[in-house]
Amino acid sequence: MMEPPSSSRCQLHGSASPMILRRCLFLLLLVLLSCCSPALAATPYLVGMGSYDITGPAADVNMMGYASAEQIASGIHFRLKARAFIVAEPDGKRAVFVNLDACMASQLVTVKVLERLKARYGDLYNENNVAISGIHTHAGPGGYLQYVVYIVTSLGFVRQSFDVIVNGIEQTIVEAHNNLRPGKIFVNKGDLLDAGVNRSPSAYLNNPAEERSKYQYNVDKEMTLIKFVDDGLGPIGSFNWFATHGTSMSRTNSLVSGDNKGAAARFMEDWAEENVIPNQAAHVSSGNPRRVSALISEPNEITDDLIRLASSFKASGGRQISGSNITRRIRSTQQNKPKFVSAFCQSNCGDVSPNVLGAFCVDTGLPCDFNHSTCNGKNELCYGRGPGYPDEFESTRIIGNRQFLKAVNLFNSASEEIQGKVDYRHTYLDFSQLEVNVPSSTGGQQVMKTCPAAMGFAFAAGTTDGPGAFDFKQGDAKGNAFWRLVRDVIRPPGPEQVKCQAPKPILLDTGEMKVPYDWAPAILPIQIIRIGQLVILCVPGEFTTMAGRRLRDAVKNVLTNSGQFDDNIHVVLAGLTNTYSQYITTYEEYQMQRYEGASTLYGPHTLSAYIQEFQRLATAMVSNKQVPTNLQPPDLLNRQIELLPGVIVDKTPPGVTFGDVSSDVPANSTFRKGSTVNATFYSACPRNDLLTDGTFALVEKLDGSNNWVPAYDDDDWSLRFKWSRPAKFSARSFATLEWTIPEDAPSGVYRLRHFGASKPLIGSIKYFTGTSSAFAVR
């Protein structure tokens, strides 16, 4: 090792000068501070954010979540996104967390994303340091999971749904990777009291009274938020975790939507556009505001001349265009332009409903039965009510807005800086036969096993967010003779499986059903990601409130007892991550066999298995040991069955062109803010082209005398794209654009524009557009 020049060394022998003594003391102080102060010793992070459109087919495809065959997509409420952050030590480890506006993660999606990342980056991103999580919206296209039970109602696998999610995740991570820059991360947390209620309180009450007394509420109210700050640009995004179901939109909704969490993300990114990104202008060399409408000046008043000007612009009629002329979404980024990414992630939402007014009988208006969630013995009549009841869109807005407002508060007040190393552990487990140490009745320990997956009778009863059918009911630990007979025709469970799953009466023995391929997963991933004092537990299912509390506490105890963490550790649970395996209840909740218990696939000791294995992961992480595994989940892509027919042909009536107006805006019309404008166009099936990063619907504003500027698109809360056929198998279709004019919309002259793609019987896809007549907005 080279020595410093003698003039800079601390020479204390002989008659040292005062200057040398001061230098030595200063150097000694620096050494002591660097050794003893975690803040000064902490390695700075590289942080990167990304997002991309993952909106799937907005027509013909069954939606994922309610398992209702009648819930078929027919338009867009607002678009779905993948959002990601990457945190890296400059010369060390890195971690990726992706949040999807989708019902849940998919094992097959995860496998294919990792394959693509390996092709791009080698071993930089892999199954150990990449987590992919879903927000649990029940209003996204289905068919992207690989196990049979999750794709029955979607008529099998839907390649278009699968591809857009895989592509979107890849592009999101690529963008985040390219955006890696030095930055800081802050963490904050606080309670949000009015965005979730327990939808299975009778099961929660079966947990020990002593345990329940530790908590003020029967659902988790705490939101944990991390704030990302670029050293040059300033704040660039935030991710938060909070538990509430994505079921503000009901099972009768047919518009693709991110539900309350997707809405909250949209609200926060728009808020940041107005309040955060303008402060970054000095750091940006080029680029325009993300919202083009921000450039439009508002006229002082709507004059008669302006109204006459509006009436001079008639519906354009449809015309063919090139695909490259489809307008990109207004929020789409351009090079060197700042982008704020905000994700509202899911947590232990298993028994948490956003329908906070409670569950009531639709026939009498009275509260539903407490133990079974029925009305006169029927589950079909018991529905939860959101805060905007009976308007599900308003309920979605309110619950989304409540999460957004809490996130803004935490974002603005975040002051605790995250410091420390990046680390992670990941493994695969066979949950169909996992040995678990559990307490015995004598006070000792006994070894039990998890079971092959199975769903109980109460699974078919549904929940108060989406009731089931027939005579199933929650809290059923017996089943009935007729449905047992039906079950036995499909596959009767063996005596060992019946004993293992007890007291669950088995309706579908999915873990032992293998025709035409696996009906349910057996090999599951579990994962821990550490970023300083933030620890993310990535779980492949829906933990109930108390199940999530037990898991977090168990891992926190391991970490704090290691001496590497103090009590200021933040442990969050990321639900529905990397794959999906339904619910995880406590042992006590399982005994009640409500929907969540009936959907706990691997038997009564499922939670104990998770706690045991997460403790092992946490112990390995603090001991700096690896977790070897010989297990891998199956890749069933080549075995998937697709029964949904493709688009054969699109047609219009004789003399009509795609994009022509079928029902126009009233002539010479003027609308006030808050009112709704709509126009209907002759259209074609949206499955012909998803217009990823584009738009099917656009509101344009007149800027000057003849220049139309995009103002709102189908990713805006205010603009809905509705698609329909006059008959189920008709080759004709219509697109209705419905714009509820925002209170903050600039007054002026507007029109509606539709984009689409039609499929001829022979030949390639043709793109088209058309506009409505213009109208004035006061």
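Every residue, even glycine, has its Cβ placed from backbone N, Cα and C.
These come from TrEMBL:
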- SER353: active site, nucleophile (ACT_SITE)
- HIS136, HIS245, GLU542, TYR583: Zn(2+) binding site (BINDING)
- 45-612: domain 'Neutral/alkaline non-lysosomal ceramidase N-terminal' (DOMAIN)
- 614-777: domain 'Neutral/alkaline non-lysosomal ceramidase C-terminal' (DOMAIN)
- 1-41: signal peptide (SIGNAL)
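Within 10 Å of the C-beta of HIS136 (Zn(2+) binding site) there are 30 other C-beta atoms, taking all protein chains into account. The separation of HIS136 (Zn(2+) binding site) from the residue listed as 'active site, nucleophile', Cα to Cα, is 12 Å. GLU542 (Zn(2+) binding site) is surrounded by 29 other CB atoms, counting those within 10 A of its CB over all protein chains shown. Of all Cβ atoms in the protein chains displayed, 24 besides its own lie within 10 Å of the Cβ of the residue listed as 'active site, nucleophile'. With respect to Cβ neighbours within 10 Å, the binding-site residues HIS245, TYR583 differ, and TYR583 shows the lowest count.
Mean per-residue pLDDT, taken over the domain 'Neutral/alkaline non-lysosomal ceramidase C-terminal' (614-777), amounts to 96.
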